[in-house]
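All remarks here apply to the structure that follows.
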Ligand code: HSE
């Protein structure tokens, strides 16, 4: 069969993917740790992408935050991901054009891995559509590459949990790039997005290029103890070990109301309170659902500053885009 016939036969084939929101850093593992999130009410908190082989390339933005997606498709992360995906194929000429719909449900610059969601959902849907030309690891590298273009630095702490689910620690070994840590399933994560954006690039620029030896030691101690407690099944102790000595001291002042809310929530027995990713979303941890609801009410009244703000009670999602089937 000719390439033209193969292409025609593929037209109309469809695939979709949903990528969950994630919280990068989890305060204790700057650029190294990230958790996928699922709302306890099971409503979606993430982006969906639908792709289809078609006669002509096309990108449609839909969803609550479609208006913040660049109208020029070459500036849009979903399309940038597609271009990279196709360029790296060994046989791109054998495939028809692609029609893509990005259902943008997460606010950008929120600290909830919004750009990672668009990238992960796009590449997962495309890998399904093209019949899995890339392994998980190859796909993760592509995801990192596109995300780095958006945030200014290569870090996998959003794309990895969004793709694999769970609580992912980045490994120094290239052949096993992520370590799936025990899921702290007793924790409720109250995540509060105040309604204004803080671009990751901006939030990275305020960080010092170097840290003192004492800070490096503290950081190693908190992260190592956190991981050890998780493996010991000591989830409450692990949560109490969450401390950010790298980014929060510099970022807290960029986020109106963060310090006051943190102080209040810790006084109400929150196990940990931190900045989700680069912010401005705040997260608070508790193992008590009643307390989680109280934190939610407090944050709705005191942390939300704009219409598009929200507070959700989440848990660490077991599944990521790789294993979530859409429709
Ligand atoms: N680790 C990144 C940062 C996460 O804190 O800059 C960005 O979502």
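Cβ coordinates come from backbone N, Cα and C, glycine included.
The following features are taken from TrEMBL:
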BINDING   107, 108, 109, 110, 111, 112, 113, 114, 115, 116, 117  ATP binding site
DOMAIN    76-166  domain 'GHMP kinase N-terminal'
DOMAIN    248-303  domain 'GHMP kinase C-terminal'
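According to its DSSP assignment, residue 109 (ATP binding site) is coil. Same-chain residues with CB within 8 A of the center of the 107, 108, 109, 110, 111, 112, 113, 114, 115, 116, 117 CB atoms, the ATP site residues themselves not counted, are 21, 106, 158, 277. A sphere of 10 angstroms centred on the C-beta of residue 115 (ATP binding site) encloses 23 other C-beta atoms. Within the group of binding-site residues (109, 111, 113), the Cβ with the highest number of other Cβ atoms inside 10 Å belongs to 113.
A sphere of 10 angstroms centred on the C-beta of residue 117 (ATP binding site) encloses 30 other C-beta atoms.
Along the domain 'GHMP kinase N-terminal' (76-166), the predicted structure has mean pLDDT 93.
In sequence order, 65, 68, 114, 193, 195, 197, 308 are the residues of the chain that are 6 or more apart from residue 107 (ATP binding site) and have a CB within less than 8 Å of its CB. Per-class residue totals from DSSP over the domain 'GHMP kinase C-terminal' (248-303), listed helix then strand then coil: 31 helix, 9 strand, 16 coil.
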